[in-house]
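What follows is one structure encoded as structure tokens, with my remarks underneath.
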Amino acid sequence: VEPNATIKEIRLMFHKLYPRWYPARQSLKLDPKGKSLRDEEILQHLPVGTTATLYFKDLGPQIGWTTVFLIEYTGPLFIYFLFYFRMTFVYGLDERFTSSPHPVVNLACICHSFHYIKRLIETVFVHRFSRGTMPLRNIVKNCLYYWGFAAWLAYYINHPLYTPPSYGKKQINFAVIMFLLCEAGNFSIHVALSDLWRNGSKTCKIPYPTKNPFTWLFFFVSCPNYTYEVGTWISFTIMTQCVPVGLFTLLCFIQMTIWAKDKHCTYLREFKDYPSHRMPIIPFLL
């Protein structure tokens with residue numbers, strides 16, 4: 001191996017010798033307990049001498065992130081419709097159960113569908129992934145989470161005994177405005193993050209606010225995409241006033257807080273000049 005060889009090139013060489021382990025399945029390390037080397041790292045720039053020992057680990061069968069997201073987000077979109085159209089095997093054959101008298105039920109279906117259609121569009125046209133794949137075994141767990149909650153929420157929101165929000169149109173209208181603002185903010189952050197990778201670079205960069213007002217949340221938090229995402233589900237909870245939606249929102253907040261803290265720590269570790277006043281997900285608090 002030449003000293004100027006990249007880890008990506010070494011992975012390809014390894015793959016030629018052992019076709020079973022394609023590059024995405026390979027984890028190469030300088031130390032068995034260390035972190036995996038990135039594709040763009042160059043051998044001679046690593047802390048090694050004239051000879052180097054690389055430790056290989058099989059990551060198992062992999063699946064592309066784009067495929068993962070398409071599967072995860074398509075499921076909730078269609079599962080929700082099974083309950084919205086009140087299929088006979090869900091709620092029974094009674095004619096009273098064929099449609100809902102509450103307009104908010106139709107509005108909730110529109111908002112839920114809009115959210116996942118937006119996610120699918122972002123997956124195809126916006127997102128750029130630093131890692132191309134994830135372990136295939138995780139797809140079952142992820143789908144159970146997204147698909148299962150979609151069914152649970154839809155069952156109660158579209159149930160014949162569903163009752164509308166306590167404060168009527170005022171509560172619903174407020175929630176819809178909040179929902180649309182958060183969706184617009186989430187999309188704007190995803191576009192801004194994607195622009196950092198526009199030239200094909202996979203080097204971690206500090207995201208900064210742009211001329212788009214929705215990106216100004218970068219002044220206060222490291223992961224405003226998660227902030228807006230939580231805001232979206234809070235607004236959906238207010239709109240539907242449904243306990244299962246509230247529980248789903250709480251779980252989303254917990255999981256996204258964990259992701260945001262990890263990303264925030266990565267920024268602090270990678271950049272000495274990283275803005276000190278930023279918080280992971282909630283301005284000034286968390």
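Note: Cβ is positioned from N, Cα and C throughout, glycine not excepted.
Straight from TrEMBL, the features:
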DOMAIN    1-58  domain 'TECR-like N-terminal'
TRANSMEM  63-85  transmembrane segment
DOMAIN    133-286  domain '3-oxo-5-alpha-steroid 4-dehydrogenase C-terminal'
TRANSMEM  144-162  transmembrane segment
TRANSMEM  174-193  transmembrane segment
TRANSMEM  213-228  transmembrane segment
TRANSMEM  234-254  transmembrane segment
Recorded stretches the transmembrane segment (174-193) and the transmembrane segment (144-162) touching, at least 3 CB pairs under 8 Å | no
Any chance the transmembrane segment (234-254) and the transmembrane segment (144-162) are in contact, meaning at least three CB pairs closer than 8 A with a sequence separation of 6+?
-> yes
May I ask for the residues of the chain that lie six or more residues beyond the transmembrane segment (63-85) and have a Cβ under 8 Å from a Cβ within it?
-> 105, 109, 112-113, 116-117, 119-120, 123-124, 127, 129, 131-136, 138-139, 142-143, 146-147, 149-151, 153-155, 157-158
What are the DSSP helix, strand and coil residue counts for the domain 'TECR-like N-terminal' (1-58)?
-> 17 helix, 10 strand, 31 coil
